[in-house]
Amino acid sequence: MTGDRGRAAPARRRLLVFLAVVALCVGGTVTYLLVQRQGDVEAAAAAAADEAGRERLAVADVQAVPHVVVRSTEPGPSSGSVALVPLDDPAGPRAVLDLACDRVAAARGAAVCLQTLPGIVPAYRAVFLDGEYRETGSADLPGLPSRARVSAEGSYAATTVFVTGHAYTDAQFSTETVVTDLRDGDPTPLGNLESWTATWADGTRVDAEDRNFWGVSFVGDGPGFYATLGTGGARHLVRGDADERTLTVVAEDGACPSVSPDGSTVVMKETDPVSRAAVLTAYDVSTGERTRMAEGRAVDDQVAWWGDRVLYGVGSGLADSGAADVWVADPLGGGQPAILVPDASSPSVVLPGN
Amino acid sequence: MYASVRDVPATGTPGTGSRRVGGTVLALGTVSLLTDVSSEMVAAVLPVYLTLTLGLSPLAFGVVDGLYQGTSVLVRLGAAAAADRWRRPKATAVLGYGLSALCKLGLVVASGAAAIGAVLAADRTGKGLRTAPRDALIAAASPPGGLGRAFGVHRAMDTTGALLGPLVAVALLLWLPGDYDSLFLVSAVFAVLGLAVLVTFVPERTRVAGAPPVRWRQVTALLADRPVRRVAAAGAVLGLLTVTDGFAYLLLRERGAVEAALFPLLFVGTAGVYLLLAVPLGRLADRVGRVPVLLAGHAALLPAYGGLLLLPDAGPWLVALVVGALGVYYAATDGVLAALAAELSPEDVRTSGIALVQTAVAAGRSASAVLFGLLWTASGQWPALAAFAVALAVALPAVRWSLRGLQRVAA
């Protein structure tokens, strides 16, 4: 471009337009962000005031009766903390622990809590707890918490996380599932399921490099369990043994299983042939028969059993608000699901011992 | 920084040229810096946003991300040809940067996998539209002997933006927890600022009145243009035999050299080395020739592959070796290859020439990822990496031979 004087005036005008655009963009954005921040601060203050007015139960009182352990999403400073809700009044007051988790699972005698430790590079951690929610050990996790489970009497725990590479390079996604032995009070990892011996139903080894395991559900107190094997775009139901460190494919098209207390039924996600969406279905372990549940929503959860019914968390309100409710449904008897515990997610039912 | 709106390219300055790059190059560097802040702040949070708040499975996200690579290639070549045909590289670049800015706003309103997928596809399309025209503008604003330095400066600024983006995202989310809409809005504002710098401070290449229009035939004739074809073929072969970053990082993790939680730091380290070396290696390419620097950049990967193969327990030293080699590789190849393509292409169809070479490299790298994945699955990671290392070592002299005589044009 040549710099003759005829172009000087338009150049100056363009510079002014540029400066106006920059001032408008920067000023507008900063103002908007300050307003948002102010809104956040006020909302937090209002939620804190709300929470101060709520009735809370004593932890020991709730532990003495059948209760559901959840991640409470009630707005307020305690949002994200573990809460205990009595099953005879699930929408009523709750007991709240000073323990923040992304995922929590509990049983008689033990609990596991998956946490995010914020920072420039966020860190993730599994905290193992005894029946009184005292820490017995912890383990660093290599990615975003996804699923957590403990066996019925607290002998084993399982954790699943998403391992993410950086999206800038290649979108590398996989899961990592670890089973931990809690029996002697000192949590001992039994290793990543990918390092265990996995076989197809016909006895041949599962050796695909893209194999992923997630969503462990213990049969009773273990060491038997169900889990998901993902490979080649398909999801298979596997049966595993934590002491033998073996896994065997038992059914096609089943993800995120949860086995009933009597071991007869597995509620898992299967792929709808038309919409390709994952839908909840009840799988009869002895006959292989499947009964589709009356749940039309996408459920990003592994269900928890309560007698012959199941509980699961479903997001409520705006997609990114983090709010959720725990719903209850009868997997075999049909009927519409209903809200059991409002403002909660990640449920597990704990029935105190005699 | 971009005081000189009227940028007069110093033509015919051989060798080292002047010590400073033109205002247009700095303006384009600023555009890329702002745009990379915009796109990397989104890329840094996207996996978390999609999986935690939208409940999309990460595997579905991988599919969404990979699905549009093919369309991106067609868009890139088509846009470059159109930019040459109507002599409007700047207008094409504005379209590309504008589309990406719109997409950031689209993320605020989009919800659900399909909508997000569409927005990300459009964002990629924008990137496909703008890259080659932008590089053609850099080439047009730089003296032939200073192309390496000009591209080095541009790539260093670009990488600075890529490093700042995730930091901006983290800071914003600490201040406004969970407020992804505000984050997308800030990202859109960075993109708009980049667009404003482009529109205001980068001149469209003006043509002498009466110059004959560029014909489509001239564009398609590029495919028969021997120097361009040779560079494209060399780029494709070298791209094919280079293990992609994702796999290199994964190999480090397999050796227990780095925890998965620290994965993003591998990218930061690579980008840091790239940032530091982009200008020095660009200048070196101006002095000793582009081809030797290009090949040396690839050769720098060989020690890293050797380390991964033979020193699996070297821990932090292995990380430093691999990250350093990848940084050197990018600094010695990305901008240098663009400079090589720019100077070898006939001036009328320079955008298409650059696009052709960049597409060939991208195709080679995509094929490399598939091939490496297949080899890894079939025979394990050690044989796969060994095969790539040997093939690259053998290919380098062959490529050197195939590119002989190109220096005549460069000097």
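Glycine too: its Cβ is placed from the backbone N, Cα and C atoms.
What TrEMBL lists as domain 'Major facilitator superfamily (MFS) profile' is B:24-410.
What TrEMBL records for B:42-64 (among others) is transmembrane segment.
Taken from TrEMBL, the feature transmembrane segment covers B:94-121 (among others).
As annotated by TrEMBL, transmembrane segment applies to B:159-176 (among others). Residues of the same chain lying 6 or more positions beyond the ends of the transmembrane segment (B:159-176) and with a Cβ under 8 Å from any Cβ of it are 32-45, 182-183, 186, 190, 264, 268, 271-272, 274-275, 278.
Residues or ranges marked as transmembrane segment in TrEMBL: B:182-202 (among others). Within its own chain, the transmembrane segment (B:182-202) has Cβ neighbours under 8 Å at 2, 5, 23-24, 27-28, 30-35, 37-39, 41-42, 45, 90, 93-94, 97-98, 100-101, 104-105, 107-108, 137, 168-169, 172-173, 176, counting only residues six or more beyond its boundaries.
Panel annotation: around the transmembrane segment (B:231-252), residues 258, 263, 266-267, 270, 294, 298, 301, 304-305, 308, 318-319, 322, 326, 329, 333, 337, 340-341, 344, 356-365, 367-369, 371-373, 376, 381, 385, 388, 391-392, 395, 399, 402-403, 406 of the same chain, lying at least six beyond its termini, place a Cβ under 8 Å from a Cβ of the stretch. The transmembrane segment feature in TrEMBL is assigned to B:231-252 (among others).
Residues or ranges marked as transmembrane segment by TrEMBL: B:258-279 (among others).
Taken from TrEMBL, the feature transmembrane segment covers B:291-311 (among others).
The transmembrane segment feature in TrEMBL is assigned to B:317-342 (among others).
Residues annotated as transmembrane segment in TrEMBL: B:382-403 (among others). Remote same-chain partners of the transmembrane segment (B:382-403), defined as residues 6 or more beyond its termini with a Cβ less than 8 Å from a stretch Cβ, comprise 230-231, 233-234, 237-238, 241-243, 251, 291, 295, 298-299, 301-302, 305-306, 308-309, 368, 372, 375-376.
Taking the domain 'Major facilitator superfamily (MFS) profile' (B:24-410) as a whole, pLDDT averages 87 in the prediction.
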